[in-house]
Amino acid sequence: MERCSVAQQFEDRFHRKFYYLRLSVTDVCNFKCTYCLPDGYKPSGQKNSSFLSVPEIKRVVKAFADCGTSKIRITGGEPSLRKDFPEIIHTVASTPGIEKVATTTNGYRMEKQVGQWRDAGLTHINVSVDSLDSRMFHQITGENKFTEVMRGIDKAFEVGFEQVKVNVVLMKDLNSQELPAFLNWIKDKPIQLRFIELMKTGEMDELFDKHHVSGVAIRNQLIANGWLLKVKAVNDGPAQVFVHPDYQGEIGLIMPYEKDFCESCNRLRVSATGKLHLCLFGDHGVELRDLIQEDQQEQELIDRIQAQLQTKSVSHFLHDGNSGMTPNLASIGG
């Protein structure tokens, strides 16, 4: 079997092509967000040394790039907690075929380190800011770091990022009333604000029942006020992005409970311990680590991934109350 080419890339039985890999490099996080790790990070018994090494990351990324993947998002946990994070960015960015290197961060280390990340090759950045009210931010994240995170976003613009994406997990009775404040914030800033519906995971049933709210009301409000839906690029994520002539910023909505959400799925996930996850809400991960120990194993790695893609479901089963085996969003990178 020949190596993948762009004409022969990772594709499932529903003819979905996979241009986008979410690569977790740690499941450790220093925040205690109510919707993810409300009790803080608890080690699963494995040592941090069991997270993917830089050479292993290089082999994973090369295999995906050779099969048409052009965008890699480095996730966690909190990826910047890895001391070799700039080296990881450089390794990903220097892989032929990779055009976009993104990360998602809680922003805690951005003010001091975002310049290093950009120099290493980071092209896109997402920051979690679940409230513009510092007290509510503290309540949701468990950390009183609102000012530091906001300074980090300013620093990202200073070092040359043209746009910063800001993730907001939408929660009824906590931050669901903050749309006017968020709109005011992005009026003159090139921020893409992304409202993400709260998702049910294994440990979060009660929180979901109490705080889940659909993004449909926000979408209707945006459309009524002249916001227009933007056309997606091939390696974009699932967000419905809206633009307005009077705003420098943009609004994105991620609504996993929306009909046909999975129809345009274009991403795969690899966990920090080297398991392939076909879906955030899948039932299991597939071991890849035994095939990323030597460069010459690449074809075996590609073959295993391609074989697994033929088992990928057409959709998640969230509507049936089945969120798979994902205990929390930190465990495989959200």
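Quick reminder: no glycine exception, Cβ is built from N, Cα and C everywhere.
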In Swiss-Prot, GTP binding by Arg73, Thr104, Lys165, Arg267, Leu268, Arg269 extends, among Arg22, Arg219, Arg304, to Arg22
Whole-number answer please: how many Å between the C-alpha atoms of Gly77 (S-adenosyl-L-methionine binding site) and Cys36 ([4Fe-4S] cluster 1 binding site)? 10
Take every residue in the domain 'Radical SAM core' (13-239), average their pLDDT values, and give the whole-number result. 92
When the Cα of Met199 (S-adenosyl-L-methionine binding site) is compared with the Cα of each of the binding-site residues Cys36, Cys265, Leu268, Arg269, Cys279, which one is closest? Cys36
Only counting partners 6 or more residues apart, tell me which same-chain residues put their Cβ under 8 Å from the Cβ of Cys265 ([4Fe-4S] cluster 2 binding site). Arg16, Pro238, Cys279
From Arg22, Tyr35, Arg73, Thr104, Ser128, Lys165, the binding-site residues whose CA lies within 10 Å of that of Cys29 ([4Fe-4S] cluster 1 binding site): none
